[in-house]
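Novice: Before anything else, here's the structure in question.
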Amino acid sequence: MTPVDISLPAPSSSSDKNRRFFSFVASLATVVGASSRNTSMPSPFDEEANTLLPSRSPEPNEEEEKAYESSEKIIVPGAEDEEREGEVRRFSWRKLWLFTGPGFLMSIAFLDPGNLEGDLQAGAIAGYSLLWLLMWATMMGLLIQMLSARLGVATGRHLAEHCREEYPWWARVSLWVMAEVALIGADIQEVIGSAIAIKILSRGVLPLWAGVVITALDCFIFLFLENYGVRKLEAFFALLISTMAISFAWMFGETKPSGRELLIGVLIPKLNSKTIRQAVGVVGCVIMPHNVYLHSALVQSRKVDPNKKSRVQEALNYYTIESTVALIISFIINLFVTTVFAKGFYGSKDADSIGLENAGQYLEQKYGGGLLPILYIWGIGLLAAGQSSTITGTYAGQFIMGGFLNLRLKKWLRALITRSFAIVPTMIVALFFDTSDDALDILNEWLNVLQSVQIPFALIPLLTLVSKEQVMGDFKIGHLTKVVTWVVAALLIIINGYLLLNFFSSEVNGLLFGSIICVILAIYVAFVSYLILRGFDLLDQFLSVVCKRFS
């Protein structure tokens, strides 16, 4: 790029001095703005800057990576018809059926092995007392996920693509790295969960590392099903969700938790110092960073013209219905798991020692065999949870990599790269931690911390984008929704900050390690602050005030 001369010529008079100084500030602010954005944004000093900056020929349009090719999208009758003024679109069960799918794939992140472990520990340690929090946490998750869907439908582009355009190169690379790290952490938990289920169902014949290898092959199932279209893939996930629902409902029926205690737990909030850690875990599991990216891409699997306001609104209405139903089902499944362990282990001496690895053995000891032993029912449900979440993780990885880096790779190659990112560290984990339940529990705590650290890097860009009229047009969120969503985001960040503080205060020892953590924490807080300030356009407002002051 041709260098811009922003040096100050010698002033010939007092007024000339002021005019030239303002020109200098305007030029400097324009250069800073251009370096921090890929898209040109109007500013109060554009006119002055245009006289100072050299003109550039427009860059050629490059073919961009897309979530779905046009031939892959599902055609919804009437979704591409011409708009008619005053037309009212009636509710259609057929259209709801055609729009059903993305919300259920999104809901799988609420049912992954990490969430199931949080459920069983909450039930064993806190009993029924945190069910109300589980319900409200699911509702907060629904709000965030609907904003993600809104971004994808209204703009025709997903969150990773928008981040590539919205942020300067250093920030977008940082966001991409954070998203990949979050995805790897979630994938390790999901693959380990599947491997534990395979170990249970094989009665220990297959060790953890063998289960990891078997689970790694699920990317080939994903590629096989994707070749037959989006609806076949969605049907496969519906089968896995049904398997989870039946398995955990069977366990609920076998153990017969108290209906009265369940109802009280859902309706009456209770929280005390002994259950605060489990409460933080319940809320912290709700927002999975990679799931925010995923849902904004999944909704583009239906053909909806983002330039037609009524068609976009209709799509959002149907997606709201199907996502709400999907998360109600996920809440019920989580409730089954929590109440089963609340009935069996709350108040017992084993409550603090139950984790994902040994939960099946504790269930078998407590409830014994039967026509189908509860150990195997648990294993089947856990396997369905692990397999479904690892495949959606592969899916999310493709969108994240393609969106941030604008890579046009063949699907099998992207799936292989995405799966390799997670399988290699997971295999190391399986070989190292296979000998100890306590070691796996410690690993899981560190992975939960890793997920918590990443939450702001998905939430803040999402809220920034859906609040911008330049991005969303008529579908920019209103003032009330903006306030509510930022309050929810702040609540989630504070809760996860408490989790981090509690974790590091007990785990970090030694001056050197503590100093390293402090430096990393300072960089982390600085980056989060940058994202927040940019989200509220405070940096631009500051530059505008400076320019007006000197003009």
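The backbone N, Cα and C atoms fix where each Cβ goes, glycine too.
Because TrEMBL annotations are produced automatically, they should be read as predictions rather than curated entries.
What TrEMBL lists as region 'Disordered' is 35-81. Residues or ranges marked as transmembrane segment by TrEMBL: 125-148, 169-186, 206-224, 236-253, 325-346, 367-385, 416-433, 483-504, 510-533.
A description of the local structural setting of each listed feature is requested, covering burial, neighbours and distances.
Specialist: Distant neighbours of the transmembrane segment (169-186): 36, 109, 112, 114, 160, 163, 288-290, 293, 389, 393, 396-397, 400-401, 404-405, 418, 421-422, 425, 447, 450-451, 454, 457-458, 461, 527, 530-531; these residues of the same chain sit at least 6 beyond its ends, with a Cβ under 8 Å from one of its Cβ atoms.
Panel annotation: around the transmembrane segment (367-385), residues 111-113, 116, 193-194, 196-198, 200-201, 240-241, 243-244, 247-248, 250-251, 254-255, 344, 356, 359-361 of the same chain, lying at least six beyond its termini, place a Cβ under 8 Å from a Cβ of the stretch.
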Novice: Give the one range among 416-433, 483-504, 510-533 whose Cβ atoms make the most pairs under 8 Å with those of the transmembrane segment (206-224).
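Specialist: The listed stretch sharing the most Cβ pairs with the transmembrane segment (206-224) is 416-433.
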